[in-house]
Amino acid sequence: MHLYKPACADIPSPKLGLPKSSESALKCRRHLAVTKPPPQAACWPARPSGAAERKFLEKFLRVHGISLQETTRAETGMAYRNLGKSGLRVSCLGLGTWVTFGGQISDEVAERLMTIAYESGVNLFDTAEVYAAGKAEVILGSIIKKKGWRRSSLVITTKLYWGGKAETERGLSRKHIIEGLKGSLQRLQLEYVDVVFANRPDSNTPMEEIVRAMTHVINQGMAMYWGTSRWSAMEIMEAYSVARQFNMIPPVCEQAEYHLFQREKVEVQLPELYHKIGVGAMTWSPLACGIISGKYGNGVPESSRASLKCYQWLKERIVSEEGRKQQNKLKDLSPIAERLGCTLPQLAVAWCLRNEGVSSVLLGSSTPEQLIENLGAIQVLPKMTSHVVNEIDNILRNKPYSKKDYRS
């Protein structure tokens, strides 16, 4: 049965019922003039203005010993966004642990980096079971425990696929998802992670098994959400369809590479998935493994990542013809950075953030100075006007277009 609740506009004004005779009407008007207006409680109250709503909220919180001025957002200037269409709020800049934790940097430097990030408002810390063969998770968990940060103030994410040498210790089988996540939690010294990612697609495992296993670990309290990494739009859509068909939990986010020279997936494919099924984007490598940092403008320095034996592929990319073209484009972008009063890395990170479809950009830093510089991109973001973005596009000449753009 439909119950009708009248709105304020539906309640007739008392003046509409005045008697027709002038003498009686005059008496009624005199009576109404001294009578208090009807209480508004019977009506749906009008939504208060932003200032009034904030004032009421401040008064309410003050009673409970909480202040709006003492929030992390207000104290640090960090911006927060929803992870896809989920309710999880993540800092728009996160700290990744690939290459650095357990490898390129010492445990002391790792602690310093996490402290700087946390005190700057970063709440998102990303790792994976494969990073430094699990050591990155150990270091991350040890620092969290040592610092005594509230678990509820953190968003910890990890990724599963490569867990060990045995055939059953890799992939996305139900066995490895459950056992792999248990192993990650032990190394992290945590009861749960906020998001567990499938680190790549697994053609050897049926999609239904993957989705069922992810749903299971969430229902068991081992994770809050699950997402994908390096998956195609078609694979993500298949996972969503399977989840809906069998009343299971779909992914909320895709981790994708995104920077000035890698744009199509994040700017064309993922926005369509976001609008259709609510999958957001968490991006990594905003400086293209250091290529955009400017350090490779005159070759490969000895202390750089590209000089390491295991990163010969990066060195080859830098010295290739395409790599030289990219360095020339970066030189053309430098005047824009100077005009905005920022460094080239800050411009590159702010350029990623200007895409509102990106929930968070993962930073990878090997020194405190690098991290502080990259976090400064937050101050550059308001300067990323449409004019500045068009200037950058004119230099890069790689803006992707979707089929919708061609039809319009």
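Note that Cβ sites are derived from N, Cα and C of the backbone, with glycine treated the same way.
Computed from a predicted structure; not experimentally measured.
Quick look at what Swiss-Prot annotates:
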type     : residues                                                                                                 : note
ACT_SITE : Tyr131                                                                                                   : active site, proton donor/acceptor
BINDING  : 97-98, Gln104, Asp126, Asn199, 229-230, Gln255, 284-289, Lys295, Arg305, Gly364, Ser366, Gln370, 373-374 : NADP(+) binding site
Three-state secondary structure, which DSSP defines for Ala288 (NADP(+) binding site): coil
Fewest other C-beta atoms within 10 angstroms, as judged across Thr97, Ser285, Gln370, which are the binding-site residues: Gln370
List of residues, in chain order, with Cβ under 8 A from that of Ala288 (NADP(+) binding site) and at least 6 apart: His259, Leu260, Phe261, Gln262
Surrounding CB atoms that lie within 10 Å of the CB of Asp126 (NADP(+) binding site), all protein chains: 27
Recorded positions compared (Tyr131, Arg230) - the one with the fewest other Cβ atoms within 10 Å: Arg230
Helix, strand or coil at Arg230 (NADP(+) binding site) [DSSP, three-state]: coil
DSSP three-state assignment for Asp126 (NADP(+) binding site): strand
Euclidean distance between Cα atoms of the residue listed as 'active site, proton donor/acceptor' and Ser285 (NADP(+) binding site), Å: 15
For Gln370 (NADP(+) binding site): DSSP state (helix, strand, coil): helix
From binding-site residues Thr97, Arg230, Gln370, the one whose Cα lies nearest Tyr131 (active site, proton donor/acceptor): Thr97
